[in-house]
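Engineer: The structure is given below, and queries will be raised subsequently.
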Amino acid sequence: MTISIDKPMFEEVSAFQKKSENNTRDLTMASEHDEAFLAPEMNAFGRQFRNYDAENERQKSVEEFYRLQHINQTVDFVKKMRAEYGKLDKMVMSIWECCELLNDVVDESDPDLDEPQIQHLLQSAEAIRKDYPNEEWLHLTALIHDLGKVITLPQFGGLPQWATVGDTFPVGCAFDESNVHHKYFSENPDFHNQAYNTKSGIYTEGCGLNNVMMSWGHDDYMYLVAKENGSTLPSAGQFIIRYHSFYPLHTAGEYTHLMNEEDKENLKWLHVFNKYDLYSKSKVHVDVEKVKPYYMSLIRKYFPENLRW
């Protein structure tokens, strides 16, 4: 199911996001009398969001993360990971159990967050719930979008951080310069492969992102979990889960030549979601027990009680 929206209303969007929202209307938001979520100017560390050039120890570790990611994420590696994790034979558990398990994960690629993962999920979901009260599927999507990060835990194979988190990008075609720390791609074997280093590479223009292999990580894994367990989340929700880390697309506006019409419609919702995913990272904690009953009702509506992971 494709959900059409018109003019997502939020601040601090990229030029590409603004362009993609032209000629749109009627997206249902909270009343104008309600206090809408406003994007803060600084992250929890008092610095600009997604600033990968600042000179500090955290930024140095983030750059090292991207060096390893860009060197190792190849077509062969992605195929191997999709085959292995597509079996969904690591564990059987509920969505909420996975939310609690996620607190054991630290995201080394994120320069903006040092809070427990479940707080980021609930902060994002609650901010969206306030501004878009009628879009319950979007509230749930925000809650579960990062659950795939559990693949870095020992019981899920203990994948390294560079195979779990960070910005995602297509493999099998040229690495666009909009990718963070692009210089390290020169050490990736695919960078010099003539079959992979043209603009479209092994793909055709307009083929649709569903036919494009993305760098392996929590996004694609959680998408596989949702899809193979029969989630009834709409297409836009599954698109958000799968591509929310695809910053070269939804923020820089690159790789659009690979999109089809359904992708373009779903991208509008991803633009809405991205504001809350990025800017809701704060020190203000959500009362988990207070909001848990609401999200449990959504989980029961859109997912089976127990899922294969």
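Numbers here mean position along the shown chain, with the first residue as 1.
Heads up, the Cβ atoms here are built off N, Cα and C, so glycines get one too.
Heads up, TrEMBL stuff is auto-annotated, nobody curated it.
According to TrEMBL, the protein carries these features:
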- Arg50, Asp107, Glu108, Ser109, Lys149, Gly166, Asp167, His244, Ser245: substrate binding site (BINDING)
- His120, His145, Asp146, His218, His244, Asp277: Fe cation binding site (BINDING)
Engineer: Using the structure shown, find which entry in Asp146, Asp167 (the binding-site residues) has the sparsest Cβ neighbourhood within 10 Å.
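Structural biologist: Least crowded of the binding-site residues Asp146, Asp167, by Cβ count within 10 Å, is Asp167.
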Engineer: Cβ within 8 angstroms of the Cβ centroid of His120, His145, Asp146, His218, His244, Asp277: which residues besides those meet this for the Fe cation site?
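Structural biologist: What remains near the Cβ centre is Leu121, Ser124, Ala142, Lys149, Asp219, Ser245.
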Engineer: Between Asp277 (Fe cation binding site) and Ser245 (substrate binding site), find the distance joining the two CA atoms and give it rounded to the nearest Å.
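Structural biologist: Here the two Cα atoms are 10 Å apart.
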Engineer: Across all chains shown, how many C-beta atoms besides its own are within 10 angstroms of the C-beta of His145 (Fe cation binding site)?
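Structural biologist: So the number of other Cβ atoms within 10 Å of His145 (Fe cation binding site) is 25.
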Engineer: Nearest by CA distance to His218 (Fe cation binding site): which of the binding-site residues is it, out of Lys149, Asp167, Ser245?
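Structural biologist: If we rank Lys149, Asp167, Ser245 by Cα distance to His218 (Fe cation binding site), first place goes to Lys149.
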Engineer: Provide the number of Cβ atoms within 10 Å of the Cβ of Lys149 (substrate binding site), excluding the reference atom itself.
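Structural biologist: I get 26 for this one.
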Engineer: Sort the binding-site residues His145, Asp146, His244 by C-alpha distance from Asp167 (substrate binding site) and give me just the closest.
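Structural biologist: The smallest Cα gap between Asp167 (substrate binding site) and any of the binding-site residues is with His244.
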Engineer: Return the residues near Ser245 (substrate binding site) by Cβ distance under 8 Å, restricted to its own chain and a separation of at least 6 in sequence.
Structural biologist: Val165, Gly166, Asp167, Thr168, Gly217, His218, Asp219
Engineer: Where Lys149 (substrate binding site) and His244 (Fe cation binding site) are concerned, what is their Cα separation in Å, rounded?
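Structural biologist: Distance (Cα to Cα, whole Å): 13 Å.
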